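J.: Dropping the structure in here first, questions after.
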Amino acid sequence: MSSLSQAASSVEKRTNARYWIVVMLFIVTSFNYGDRATLSIAGSEMAKDIGLDPVGMGYVFSAFSWAYVIGQIPGGWLLDRFGSKRVYFWSIFIWSMFTLLQGFVDIFSGFGIIVALFTLRFLVGLAEAPSFPGNSRIVAAWFPAQERGTAVSIFNSAQYFATVIFAPIMGWLTHEVGWSHVFFFMGGLGIVISFIWLKVIHEPNQHPGVNKKELEYIAAGGALINMDQQNTKVKVPFSVKWGQIKQLLGSRMMIGVYIGQYCINALTYFFITWFPVYLVQARGMSILKAGFVASVPAVCGFIGGVLGGIISDWLMRRTGSLNIARKTPIVMGMLLSMVMVFCNYVNVEWMIIGFMALAFFGKGIGALGWAVMADTAPKEISGLSGGLFNMFGNISGIVTPIAIGYIVGTTGSFNGALIYVGVHALIAVLSYLVLVGDIKRIELKPVAGQ
C-alpha cells in the first residue's frame, strides 16, 4: 500500500484552486460595480423627481468617491491587520445593505432626499474601500507573476461585465416599476453574495482544494502564500507605517503609477456615472434604450480587459520583462481609448456607439494598474500599498463627475466632457512612458521603531 501510495503521489496532478478564487473575485467585483452604477441608470428619473440639475447630479455622483478615497488607507490597514477574507466579507455585506437602503430615500421630501441620497452613497463608498486592495492582496497571494496579469484583468473586467448584465436589468426596473427597485434588487443580491464569499475564499495554505504541487508552483512564481499568517498577529506602530508610506510616496515609479491610475479612472468614472446620462440627454435615447446601448461598449471593454491581461502575461513569458509586459498594453490601450473624442463630430447613432465601443475596448486593454500593484507592492504592507494606490486613483472619482457636471452645466453640451476624458488618457500614456521607469517590487528600508 505504501509503494502504491507513493506512486500515486508522484503522479499527482497540480490542482487549480486559484482559478475558482479569481472566479469569486470576478463575481464580487461585478456586484461592486453594479452597485456603483445604480445611480447612473436610475439617475435621470430620480433627477426629474427631485429637481436635480447637472451640477447637483455631479456632486451626488461624487459622494461615493469622497468616502472611497477617505477609506482607502484605513481599508488597506484593516486588510493587513485582519486578513482579506474577514474584512472583505464585512465590506460586501455593509455596502450591499446601504445600497438597499437607497431605495427608501423617497420617504423624505425636497432637500431631505438629496441629503439622504448623498449620505447613503457616501457610506457605500466607505464600505467598498477595502474591495480592490483586497482583490490585489488575494491575487498576490494566489497567483505567480506569469499568471498575475490575466488574473487581474479578469476581476478588473468585471466592471464592464457588470454593465452588460445589470444595466439592461436596472434600466428595465426603472422603466417598469420605478427607480427604487434598482436599489432593492442590487442590495439584496449583494447580501447573498457576501455569505457565498465566506464559503469560497481561503488563504492558499488553508484552502481545502489546494495540493502541495499547486502551492509550490505559485510560490515559485512569487506568490505571497503566507501573507495573512505573517501579518494578522503583528502590531506595527503608526510611526513605522507612516515611514513605510513615505517610502512609497518617495518612489518615482509609484508616483508615475498613481498619476496613471488617476487618469485611467477618469475614463472609468465617466462610464459609470455620466455615460448613460450622455446617451439620454445628448443623444435623445430613452432610459430603457440607454440601458441596453450602454452594454455594447461594456461588452467591448470586457473583451479588451481580458485580452489585455492575456497579452501582458504572454509578453511576460516571451520577454521576461515586466516593463514590456505591463507598459505595452497600457500605452496602446490608452491611445485607442482617445477615439471617444470623435463622437463630438458625428451624429449617426451607430457611429457614436462604435467609437465608444472602441474607446472602452482600449480602456479595457490598458486597465492593468492592479497588475502593476501586485508586481510592485512591498510584501509587508500589500494592503496598505494597494489602498494608497486606489486612493490616488479614485480621487478621479471625485473630480471627474463634478468637472463633467460643470462642463455640461456651463456649455450645455457634452463635447468638452469627452475632450476632458480623452486628455486624461493621453496623460496616462505619458506617465507610464516618462515617469514610471523600471517596474519592480519595492523593498522597504527599515524604519526607526521597527
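Here the Cβ of each residue, glycine as well, is placed from N, Cα and C on the backbone.
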J.: Please indicate whether the topological domain of F82 in Swiss-Prot carries the same name as that of A223, placing both on the same side of the membrane.
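T.: Same side, per Swiss-Prot.
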J.: For the transmembrane segment (388-408), give me same-chain residues lying six or more residues beyond its boundaries with a C-beta closer than 8 angstroms to one of its C-beta atoms, as numbers and ranges.
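T.: Same-chain contacts beyond the ends: 54-59, 61-62, 64-66, 68-69, 72-73, 76, 129, 132-133, 245, 248-249, 254, 257-259, 261-266, 268-270, 273-274, 281, 369, 373, 377, 414, 416-417, 420-421, 424.
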J.: Return the stretch with the most CB pairs under 8 A relative to the transmembrane segment (154-174), choosing among 59-79, 86-105, 291-311, 416-436.
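T.: When the Cβ pairs under 8 Å are tallied, 291-311 comes out ahead.
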J.: Any contact between the transmembrane segment (177-197) and the transmembrane segment (352-372)? By contact I mean 3+ C-beta pairs closer than 8 Å, pairs at least 6 apart along the chain.
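T.: Not in contact, no.
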J.: Near the transmembrane segment (255-275), which residues from the same chain, at least 6 beyond its ends, have a CB less than 8 A from one of its CBs?
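T.: Contacts of the transmembrane segment (255-275) (Cβ under 8 Å, skipping residues fewer than 6 from its ends): 33, 36-37, 39-40, 61, 65, 159, 163, 249, 294, 297-298, 301, 330, 334, 337, 356, 359-360, 363, 366-367, 369, 372-373, 376, 388-390, 392-397, 399-401, 404, 408, 414, 417, 420-421, 424-425, 427-428, 431-432, 434-437.
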J.: Kindly report the helix/strand/coil residue split of the topological domain 'Cytoplasmic' (312-329) according to DSSP, in that order.
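T.: For the topological domain 'Cytoplasmic' (312-329), the helix, strand and coil counts are 16 helix, 0 strand, 2 coil.
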J.: Same chain only, please: residues at least 6 beyond the ends of the transmembrane segment (21-41) with a C-beta under 8 Å from a C-beta of the stretch. Say none if there are none.
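T.: Same-chain contacts beyond the ends: 60-61, 64, 88, 92, 95-96, 99, 102, 117, 121, 124, 128, 131, 135, 138-139, 142-143, 151, 154-159, 161-163, 165-167, 170-171, 174, 182-183, 186-187, 189-190, 193, 196-197, 200-201, 272-277, 287, 291.
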J.: Return the stretch with the most CB pairs under 8 A relative to the transmembrane segment (416-436), choosing among 59-79, 110-132, 352-372.
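T.: Ranking 59-79, 110-132, 352-372 by Cβ pairs under 8 Å to the transmembrane segment (416-436) puts 352-372 first.
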